[in-house]
Amino acid sequence: MCSSKFPHVGRVFQNRFSTQYRCYSVSMLAGPNDRSDVEKGGKIIMPPSALDQLSRLNITYPMLFKLTNKNSDRMTHCGVLEFVADEGICYLPHWMMQNLLLEEGGLVQVESVNLMVATYSKFQPQSPDFLDITNPKAVLENALRNFACLTTGDVIAINYNEKIYELRVMETKPDKAVSIIECDMNVDFDAPLGYKEPERHMQRPEEPTEEETDPSNYEMDIGFRAFTGSGNRLDGKKKGIEPSPAPLDPSDIKRGIPNYDFKIGRITFIRNSRQQPRKIETDDTASNFIAFSGEGQSLRKKDRKP
């Protein structure tokens, strides 16, 4: 159907909606209400005549459309948010106009399409700043609620914490254009554009200074020493109660000696070895001991007669 008032409007085929509109960004939409919500999603605003034509056609719901810029041979897919635009005009999000290489007032072909339900998608953030988000998958899932479909190669824009993040759609399954309405979709991310892996510098062990290697600077571990405390008398006198600690034995002093053979990545477990008991040397007589070889004594004397 053609209109003399809007010569740019194309034909509407049976069971298929296809027409042309002059597109403008949402900021050009007249009205007292702020329509910044349109910029946060992937849906457009169409005129009421489009709803009248779509209602007469046997199309499937939800309504999905293919947008084509014939001058640049660029295309994308979208949903519809409302039918309140002026006749012959449609309003698009700014990121969608950039993907189509459209300027204000440019012509765009709008066709109704049926898309398969998405099962997988991969995104590439266009800035390393996207890594600053604590849970990027949750943020993306919440932002995609305002989208109706995804097209491979598009650069979508999401708003989070008053900042715009752009993500390129690298891959979609099972087709290059999919519907994401009421779907169970697996999401994956590529490395952000311009991201570089941080270089890892191996830290070399610092050589000990002369002060650290001087044995006189080692701390002594005296440990527990019995009966070295002080006592108190019942009569309150302090005479003869001063402690008299026993002299230190050199074996009681333990010094920490650094392990100069230490290597990074090696753990050494040092265990205190027990001293072997000393063997007591015995005489040759003791080694030649024979049991029950001694002489016995009798209580009765042999030279006494009864």
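We number each residue from 1, going along the chain as drawn.
Including glycine, each Cβ sits where the backbone N, Cα and C put it.
Heads up, TrEMBL stuff is auto-annotated, nobody curated it.
Lifted from TrEMBL, the feature list:
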- 17-115: domain 'Ubiquitin fusion degradation protein UFD1 N-terminal subdomain 1' (DOMAIN)
- 118-192: domain 'Ubiquitin fusion degradation protein UFD1 N-terminal subdomain 2' (DOMAIN)
- 196-255: region 'Disordered' (REGION)
- 196-207: compositional bias 'Basic and acidic residues' (COMPBIAS)
- 273-306: region 'Disordered' (REGION)
Across the domain 'Ubiquitin fusion degradation protein UFD1 N-terminal subdomain 2' (118-192), what are the DSSP residue counts per state (helix, strand, coil)?
16 helix, 33 strand, 26 coil
Please list the DSSP helix, strand and coil residue counts for the domain 'Ubiquitin fusion degradation protein UFD1 N-terminal subdomain 1' (17-115).
24 helix, 38 strand, 37 coil
What average pLDDT is reported by the model for the domain 'Ubiquitin fusion degradation protein UFD1 N-terminal subdomain 1' (17-115)?
88
